[in-house]
Amino acid sequence: MVLEASLSAAPAKVAAGPATRYFASLGNQSVMSCDGSDDEVASNQFEGYSASDSILKSSYASMQSRSHGPGSIADVRSNDMDDFVKMDLRLQMELLNCSTAEEQVLVYKVYVSKLLHELVITETASEDVEYELQLKVNEIAQLQRRIDDLTVIESAQTMSEFEDSVDLPLEELHRVLKQKNAEIKLHKARHKRSEDDTQALRAQLVTLEHDLSRSTIANRQLKSDLANESKRREESHKKTTVLRDKLDHLRKASSSPKKAAPGLEPELAAAAETIERLEQQLTHAAGVTRELSTANAELQAHVDALTRQHAQLEASHEALEAALATKDAELRRALAAADAKVASAEARFHQSESLRRKLHNQVMELKGNIRVFCRVRPPLPSERGEAEVFVFPDYDKEKRKVVLVADSRAHTSYMTGEAPGAKKWPFEFDQVFDWRATQEEMFDEVAALVQSAVDGYNVSIFAYGQTGSGKTYTMQGDETALTNFSASRLVDNANMGIVGRTMTHIFATCATQAAHGWTYQVNFEMYEIYNENIRDLMAAPGQPVKDISALLDADGNVHVTNLTVVPVEDERHAMQLLKQATTRRSMKKTQRNDVSSRSHCITTLRLHGSHAASGSVRTGAVYLIDLAGSERLKSSGSGNDPVMLKEAQNINKSLAALGNVISAIASKKTHVPFRDTKLTYVLQNTLGKDSKTLMICTLSPLEEHREESLNTLRFAKKVNACELALAGK
Ligand SMILES: Nc1ncnc2c1ncn2[C@@H]1O[C@H](COP(=O)(O)OP(=O)(O)OP(=O)(O)O)[C@@H](O)[C@H]1O
């Protein structure tokens with residue numbers, strides 16, 4: 001077509017007119033390559049150009065220089081902007097110099113073709129780099145595959161040959177071994193070589209990776225150049241539009257382009273096609289730009305949303321912190337209020353505790369500072385079937401009455417005590433217990449008194465009665481109580497007596513009081529009065545016997561000197577001490593009792609309580625006294641043994657002295673004969689002021705012991721009539 005016609009035209013022919021020369025140059029550029037011969041031809045085609053075409057020629061030369069030589073693209077990139085600005089300037093100047101519309105169209109077409117050419121060169125260079133990179137990657141993959149193949153072949157060969165050789169004779173094996181060693185050496189050498197190769201390949205790989213990263217950077221640069229190019233294309237599109245408008249305007253201004261230049265129509269059509277193509281590209285670019293701006297807008301919206309979310313989170317965080325600070329302050333106030341409440345509750349508790357102590361003491365005083373219980377033991381297995389002498393008229397009510405019936409053969413009602421014709425001795429005490437009463441029931445009545453010791457009073461509980469009537473059983477329990485207390489709780493042993501139960505009660509109360517700031521120290525002492533001598537039952541065996549005596553201090557309190565005092569850790573420890581001391585007690589088998597106590601035994605628990613917050617101090621003591629039993633020398637058989645005779649005489653003497661002391665107190669005599677015996681001397685504290693005393697009179701149910709029982713009951717009645725000085729604390 002026109003293009004081919006222009007190419008085939010000779011320079012002289014081309015010089016025929018400027019329009020023809022323009023189209024000739026345009027045609028050349030559209031087929032332009034990097035080949036020098038083409039350049040020459042194209043260059044020659046400008047030879048016939050006059051001064052007005054010199055700018056176009058120089059533009060073409062500049063364009064040529066860009067397309068030549070390796071690295072030329074990269075070299076000229078930095079100058080691209082300047083070049084394009086220059087080109088634009090030239091275009092403007094060319095357009096100004098044009099005298100006709102056709103000339104302007106020509107100038108513009110050359111400009112557009114330059115731009116297209118520039119674009120093609122850039123894209124080609126980028127594709128070349130990518131292709132080169134792909135080649136290098138393929139090369140590396142191939143090398144790696146070769147290495148893998150070699151390794152697999154080597155190991156497969158070695159294994160199969162070895163398996164074949166296993167069945168060979170020894171010499172053959174040696175030979176094979178030698179051969180294999182040589183082969184191994186060879187393989188090692190090959191392996192070394194392949195390792196070297198691998199190293200070299202790795203180095204190559206590193207170089208390639210460097211190249212790759214350099215190419216990636218260059219590619220990135222190219223892409224950015226492309227983007228710039230697109231921008232420029234957009235600008236040029238705008239200019240194209242302006243020019244087209246101008247062109248339309250010029251077309252309209254001239255009467256008819258067909259008339260003015262009928263030979264230019266095909267060129268105009270071609271130019272219009274090019275313009276249309278460019279417009280399509282520009283439209284595409286505009287679409288991409290729109291998409292990008294949409295994406296950008298979306299991203300911006302997302303960023304805005306995130307910013308808003310962040311602001312909301314900040315606000316809620318601040319609100320939470322403020323709420324936390326408020327809650328913290330509230331909590332502190334509540335804590336301070338709670339502390340104040342606790343302090344006030346503690347103070348109130350302290351007050352009410354003092355009040356309770358006072359009231360409890362008043363109750364004890366109303367009941368009498370010296371009280372008497374009476375307990376009749378059941379007949380022993382050896383005594384079953386023997387006549388019994390006691391009736392309990394109010395046992396289902398107050399349990400205060402007991403009646404001794406003289407003639408058991410007379411019919412006597414157990415509950416009413418009605419026995420027509422029989423002699424009866426009715427007695428009334430603070431509490432009576434028949435043979436059914438358990439150790440627990442006994443202690444329930446004693447516990448209130450023990451509580452007084454924790455409250456800071458001196459409390460004495462002693463058992464009085466004829467031999468074999470149940471004193472030791474009531475105070476300590478039977479043998480199992482002392483041997484079988486390893487159970488979790490001491491009182492689980494039903495036979496446990498008052499001593500063990502008192503310990504349990506004291507330690508439980510101390511634990512409760514500890515929760516209210518009280519700290520208690522409990523000390524344990526145990527001694528016996530045997531034949532008018534005091535013996536320390538807690539003294540370590542083998543130690544020299546200390547001189548123990550009872551002394552009266554200025555306040556009229558008796559102190560037994562040189563006794564071993566053991567601080568007690570807990571009830572179990574106390575029980576162990578009790579067991580240890582009991583084994584040292586003087587016991588003997590008599591006709592009346594297999595385990596008869598031949599001494600008066602006094603167990604003392606001293607309590608010292610202190611309240612750090614208030615500075616209050618409480619000191620109290622519990623004296624638990626198991627008296628020796630009164631006995632008739634004849635019936636007990638003690639009269640036949642001088643030692644037992646002496647023991648019995650001392651026992652009876654001290655019990656008689658106790659009777660005299662009680663009589664003196666009961667009849668409010670000024671002189672009370674405490675000094676008559678050791679027993680009465682040490683009991684001054686328990687029968688004097690500041691003391692709460694309980695006497696438990698134990699009785700045998702048998703008729704044959706009726707006389708002794710009557711004596712015991714009469715003694716108990718005398719004690720019941722006593723009034724001790726009021727305890728004041
Ligand atoms: N309430 C009771 N229930 C069951 N058995 C009892 C009871 N009271 C005493 N006994 C038993 O009667 C026997 C004599 O009791 P105990 O040794 O306590 O008498 P005692 O008054 O201490 O005698 P002594 O003055 O000679 O020491 C013991 O075997 C004891 O277990």
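In case you wondered, yes, glycine gets a Cβ from its N, Cα and C as well.
Because TrEMBL annotations are produced automatically, they should be read as predictions rather than curated entries.
Annotated ATP binding site per TrEMBL: G465, Q466, T467, G468, S469, G470, K471, T472, in sequence order. The feature coiled coil is assigned by TrEMBL to 126-197, 296-330. The feature compositional bias 'Basic and acidic residues' is assigned by TrEMBL to 223-251. According to TrEMBL, the domain 'Kinesin motor' annotation covers 369-722. Look at TrEMBL and you will find 223-265 tagged as region 'Disordered'.
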Item to check | Overall pLDDT for the coiled coil (296-330), taken as the rounded mean | outcome: 83
Next on the checklist: I'd like the Cβ neighbour count for Q466 (ATP binding site), meaning other Cβ atoms within 10 Å of its Cβ, all protein chains included.
Outcome noted: 26
Checklist entry - Given the binding-site residues G465, G468, G470, and counting only Cβ atoms in the protein chains shown, which has the most within 10 Å of its Cβ? => result G465
Checklist entry - Quick one, of the binding-site residues T467, S469, which Cβ has the fewest other Cβ within 10 Å? => result T467
Checklist outcome for this item: Simplified DSSP label at S469 (ATP binding site) comes out coil
Checklist entry - Given the binding-site residues K471, T472, and counting only Cβ atoms in the protein chains shown, which has the most within 10 Å of its Cβ? => result K471
Next on the checklist: Quick test of your reading of the structure: among the binding-site residues Q466, T467, S469, T472, whose CB sits under 6 A from ligand 1?
Outcome noted: T467, S469, T472
